[in-house]
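Enquirer: Copied straight from TrEMBL:
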TRANSMEM  B:7-28  transmembrane segment
TRANSMEM  B:65-91  transmembrane segment
DOMAIN    B:66-277  domain 'ABC transmembrane type-1'
TRANSMEM  B:103-124  transmembrane segment
TRANSMEM  B:150-175  transmembrane segment
TRANSMEM  B:196-215  transmembrane segment
TRANSMEM  B:263-281  transmembrane segment
Amino acid sequence: MWKWGKRLSVLAAILLLSVFISACNRDDASSKVKMEFFQNKPEAKGSFDKLIAQFNQEHPDIEVTQVNPPEAETVLLTRVVKNDVPDIVGLGATDTYSILAQSGIFTDLANTKLPSTVDPIYLQMLKDVTGIDPVYGIPYAANANGVMYNKTLFREMGLSVPKTWDELIATAQKIKAAGKIPFYFTYKDDWQTNLPFNALGPNLVGIDFFLQRRENKVTFQDKYREVAQKQLELLKYGHGDNFGKNYADGNRAFANGQGLMYIQGTWAISEIRKANPKVELGFFPLPTGNDEQAVKLVSGIDTLLAVSESTPHKKEAEEFIAFLLKPENSKQYITEQTLFSAVKGVTQDDPSVAELLPYFKAGRVIDFADHYIPKAVQLNSIVQAFLQNGDINAYLAKLDREWDKVANRR
Amino acid sequence: MNKRLTAFYWMTVPAVLLFFIFLTLPALQGLYYSLTNWNGFGHQYHFVGFKNYVNLFQDDNVGNAYWFTFRFAIVVTIAINVLSLLIAMGLNAKIRFRNFFRGIYFLPNILSVLIVGYIFNYLFSNVFTIWGQNLGITSLSTNILGNEQLAWVGVVIVAVWQGIAFNTILYLAGLQTIPTSLYEASNLDGAGKWREFWSITFPLIAPFFTINMVLAMKNSLMVFDQIVALTNGGPGRATQSISHLIYTGGFRGGEFAYQSANAVIYFIVIAMISILQLRFLQRREMDD
């Protein structure tokens, strides 16, 4: 017995010593500060790698590493449950961000110099999404959701950009009659099915709907019939296997000229160009109704930057964010990713999204619908199931039922 | 204390401690959280009693996940056991390149489920569809993973393809325990191949049959990786298994406590099924 006790105590001593040494290491000023930058966009991995390499070179005492797993939002939530929050987080202004911000796991950055460098419109957008005042995230880049089209193929067929819903359907019919694919749908991935939903909902029903829905004053069954009908109508102009292709398949196919229109976000442009650098793309907002002036562009915060409340390196994390927000770095990022910068004075000059700039200038933008729908409702899978069976009544009833169930469980 | 006993204590006590810390404690924590309304990361939560359990039984998404999982598990268990027994008998026969074939058939077990899933995902969407179009078979010319009615078949195919390898090895081990003298004797008595299988082979590998049935059933009730890689539960919720629902609802949906309650029920169900299966199949072993 005694022998074992001695061995155990030696083992314990070694363990303690190693803990002590690693604790010392962390405080040791001479060694590098190691920080983790966690972000959720697989498309942006390469762009951030370049910026991080430059940052690490300029700051020999700091080492930032990028983490970008698949299903990043879910992985992030899993890590938060384990109390293992990454030092810096890059995330869209979604419901996930909302619940994280409300749980107080991010640092309030209101008193730093960071918010002053970005456009106040985007700071306001963040407040609208979360419904709280502290600045837990700095908007970095914004996206737009609409219809991407192949300019070369449009020219070949003599088509012009549709401005109204009827023109959109007429264009699709003309393309279909010519034996080509009007819309390349990628509905195997359930999040792709909510893209038309995100454009139709806020334009036809408005964002206020969600605030009223929270108070149980309206229902999806009352207001969302037109949205559902129009989404079904669009499905008539797809290809033969709408539910068999995923986002990656779609980017490859559209880059190679299969399909003339692609209901998608600007985030896909960089991926499409990877598959075919020569493709000539254009972008227009999805015309949701027949009043040309009423159509708004759906745009949201694609990436915001947040600092963990529990990180020991808040100063360094702020430094990293300030670095990313420098106009030249932001410009490099949005140029590579074809997004729109939240930083004051940085403009997007890519010809593919030139048609969207007037909407931003005039403030004719509206946020994504799904930023206001609790994640637990699992909108994506509901929309995907609806598009498969086409049962509008069951679909709207299901949206209401799931919403109520989630509200009841909170 | 007896010296030998001391040694046994040193073997069991650490094991019990480790088991308690890494398995029992988290399970008890889960049980505790299932009685709260914690979202998984907030700093505060309330005790809500059995509300989560009550809601659970009214949630058609949960019912849907159980229905899918059971249907899937039964089909997969039967398919795996039939096919792997056939393959094992083939590999046990005196064929040429026997060791080479044994290696080939074990290969799927070495590959990661996720990687296999992603490869099959690509095949289903971009390769099989083209074969279907070229052969003029309409049911094959669209991706079956994107079809609400057929997606589960796709998941079954991949799960069986990969699951066969391990069960084949177990059956092979079982077949090698049967003395060849029995077959020689039955040969002299003039028994046919079919009779030989039912009267000698099958009864003698009964314990292996039991363990294979239980393992295959348990593994397919807990199906997760294949779902993530192939369909992510879709289209809609057509292929959402229970563990996938617990994961997505609990983490992505921020309903940690609610899905903890689901996990508690799920644990009880799997434990009961395994016990019942063992009892039933072991009794069968005795009868023979």
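Even glycines carry a Cβ here, placed using N, Cα and C.
So that I understand the layout, could you describe where these features sit and how close they are to other parts?
Expert: Among residues of the same chain six or more beyond the transmembrane segment (B:7-28), those with a C-beta under 8 A of the stretch's C-beta atoms are 267.
Sequence-distant contacts of the transmembrane segment (B:103-124), counting only residues of its own chain at least 6 positions beyond either end whose CB sits under 8 Å from a CB of the stretch, comprise 87, 91, 143-145, 154, 157-158, 161-162, 164-166, 168-169, 225-226, 228-230.
Counting only same-chain residues 6+ beyond the ends of the transmembrane segment (B:150-175), those with a CB under 8 A from a CB of the stretch are 68, 71-72, 75-76, 79-81, 83-85, 87-89, 91-92, 102, 105-109, 111, 113, 116-117, 120, 124, 144, 201, 204-205, 207-209, 211-212, 215-216, 219-220, 223, 226-227, 230-231, 234-235, 238-239.
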